[in-house]
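Student: Below is one structure. I have some questions about it.
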Amino acid sequence: MDRNMKGLEKKGTVKVNGKAIGEKISLISGFAQQQEIFIPTLTVKEYLMIQAKLRMKANKSTRIERVDEIMDMLGLQKCRNSKIGNPGLVKGISGGEARRLTFACELLSNPSLLFADEPTSGLDSFMAATVVQIMRDLANSGRTLIAIIHQPTADLYFQFDKIIFLSLGRTAFMGTPEESIQFFSDCGHPIPKNFNPPEWIQEKLSVQPIEEIESYQRIMNIIQVFETTKFSKTSTIELQMIPSTKLPPFIENPGFFVETGALLKRASIDVIRSPAQMRMKLIQKIVMGLFIGSLYWQQPLDWRGVRNTNSALYFLIAELTFSTMFGIMTFMEHELPLIAREYHDGLFYVISYYVSRCLSYLPLFTFDGAIMVIISYWMIGLNNTLQQVLKSILIAVLVEQSATSCGLFLACLFETTSVAIAFAVPISGLFALLSELYGNTNNFPVYIQWMQWTSWFRYGFEGLVVNQWTKIDNPKFSNFFRDLILDQFSFKADNYPMDVIGLGSIVLFFYVAGYVALLVRIRMSR
């Protein structure tokens, strides 16, 4: 319960085998949660293999053997090559198979103790019986299973070894299913014939709105009777008789590099199997490259051509920024619940996930911008020596990465995409105004001038302008003409290296800030 409820007040001591273990109980146990959250684009076997790499400190052959063993145990071999999917969105495995996959993930590390949160909820009677039978088999294999279950059928009810009924935050009964029938009969609530015992008991332990006072009195009476009967005393004696033995072995963390590699593989498969996003992003950049190239086709080397060329360079910076910055924000929101759950289950460090996700986005948010620049470059008639072309592509990549890292930071900082976008609009607008195209920042108030050094528009625009006009091989183009172009923006001919350093610093800053924001957000999440 503590894994999912932030701010839950806890009292008492958590013991295993008679020894206090506290929060480290997660290192010897598994927790099959009620809500299944997976990566829908992965197959069942792919997902389990990556989970095995995160949960097991073992070589590849051992992991493969363990995954096959678990799939055989839980009847997942038939769907091993099926994509998991997402109910209502992406076709995939059935609800019963998804529930079994949840158990499979937790069993990979062979925990001694397994918790299950409402394992039969949302399943039909056949699937519920299948899941409970699997739990019964796991218990028979020497594991301890503790499950929260609501309104089980009579057949399922009598498969459990021990039952605990809770009401008003207190224990109303603890014992075997057979003993529960005797106990409630002794309390004056005999179970009618042909009536489902757990449903009858739950009804007697529930507060009825129209009989609130009577319900409280009935429940308190049952609790008081239990605390004075042999059932309560027997439970206390059983707890006291548990021998104090050594704790089960802790589940070992595979380490940063193994975690990062496994998560990078998972993220890369997800990106590759989401071709619509990749296709649309590439098409967008190709179309914009053709549009900008057509709009500023073959600009002449005169003053009007210079002005149009500079406008085209700024247009490239803007397109590399806005579509990228707003696009990256939509990629994160759906995945964060799974990451928060896996982090609190102790599967990996946040830095491992963050590095792997950033690396998986790198090709998607790099090559498209370079392609756009290459397409428009010769159409506009820019300085086409190999050195100048490569330097322009470098600026384009750094600008797109600046927008990516800033968008990622905002996506990690805020809970919803809409809020992140609301903050991104004024931020990107301010950076655009500080590019020098709309006015010389040296003429701005002193308290605003310094902000130009935080703008990737400023560094990117200067880098492209300097790269374009400082190495023109044309006798008509004098140094005086070059200096005149640069002076109108307060640019300097030797500033290209500083622009690259400035852009690199912005990329690094926002990636680090994004990690800090994600770390805080995930640690606070439940």
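Cβ atoms here come from the backbone N, Cα and C positions, even for glycine.
No curator has checked TrEMBL annotations; they are predicted automatically.
Annotated domain 'ABC transporter' per TrEMBL: 10-121, in sequence order. Taken from TrEMBL, the feature domain 'ABC-2 type transporter transmembrane' applies to 260-469. Residues or ranges marked as transmembrane segment in TrEMBL: 311-332, 361-380, 500-520.
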Student: May I have the DSSP-based helix, strand and coil counts for the residues of the domain 'ABC transporter' (10-121)?
Tutor: 49 helix, 17 strand, 46 coil
Student: Can you work out which residues elsewhere in the same chain, 6+ from the ends of the transmembrane segment (361-380), have a Cβ less than 8 Å from its Cβ atoms?
Tutor: 271, 277-278, 281-282, 284-286, 288-290, 292-294, 296-299, 309, 312, 316, 319-320, 324, 327-328, 331, 389, 392-393, 396-397, 399-401, 404, 408
Student: So what's the mean pLDDT when you look at the domain 'ABC transporter' (10-121)?
Tutor: 86
